Amino acid sequence: MCLVLYAAVCVQSFCLFSSFVRYTEAAINANIRMSDSGKSFSNVETSGYVGFANLPNQVHRKSVKKGFEFTLMVVGESGLGKSTLVNSLFLSDLYPERVIPNAVEKQNMTVKLDASTVEIEERGVKLRLTVVDTPGFGDAIDNSDSFSAILEYIDEQYERFLRDESGLNRRNIVDNRIHCCFYFISPFGHGLKPLDIEFMKKLHCKVNIVPVIAKADVLTKKEIQRLKCRILQEIEDNGIKIYPLPDCDSDEDEDYKEQVRQLKEAVPFAVCGSTTLLEVKGRKVRGRPYPWGVVEVENPDHCDFIKLRTMLITHMQDLQEVTQEVHYENYRSERLAKSVRKNTNSVIKEENGVGVSGEAYSEKDRILREKEEEIRRMQEKLAQMQAKIQAQK
């Protein structure tokens, strides 16, 4: 009996001790949480550090979250590999349902613009890419008016952006302005054609033009170099302004300066495109097979494809800034100047007593003019009445 009582007392003591331990641990944890919540805000940075050096990180996070927009226009005759080059540049198929017209259909084709938009994501960065193709350009016998549709399209995008910018909802503006134009030059001629010169002279003040020699794999290196020199000379003689690569700052590293120097020397870019994967010496490459070998698209010794892609990617922001600050501002100033001249002419016509169409005035202006005319007639009647009263006296 004593042993049983002793065991019962031991069990009860152990239970009380366990409860005491659990209660003590809970109290300690509660005190720790209270002490943590009551801690003052600590600055991990050293003294004398404000913190605005982190502003680029904030811009980076916001830009990555929002994504980027870029619009590329490709212009050139049919058969120069424009669609293939664009698909090779961005590793995507932008024209999955394209139907290639035959020779009979091409005779009656007019220039039309085909805009294709694709969302590209790479390492968490999203790019909304819009490629505007111009099928039918340069295919007709008389191409004197083949670039008017392209000019109208570019002006329409500027006008749409101007209206959206002047509207109420300015936060969700979609930028469809042309930021860059790849102009494809045929490798089978001896320089620029009259159509090439006329087109670039019309567009160089509206968009960033990057001249591209298409299908460069049909030429030797010496022929490519001679053609490049001839094209650059004709561009200079005709006063055509192509997109100038910006100069490097003095604090840039030497590798970047060398890269920009090589890009400037490569203009106009002699390229060839291909989406076909081939095996060359045990490695997969994109290229074009020939009986004497394979032309590798991404080999700098074979063509300027890598240089063209590097130029586009590394200067994408600068292309957008030039479009905003130069070409769009030129269009905007011309547009506003025309509006001012139109309003000035309307005022001059009204002051000279020349009738102005009712469309030039709003409904409020018409009502105000009627009220003013009514007041003028009443004043004339009052003056006549006063004159009669004076005469009777």
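For all residues, glycine too, the Cβ spot is worked out from N, Cα and C.
Of all ranges given (249-276, 361-388), TrEMBL attaches the label coiled coil to 361-388. Cβ environment of PHE188 (site 'Important for dimerization'): VAL218 lie under 8 Å away, each six or more residues apart in the same chain.
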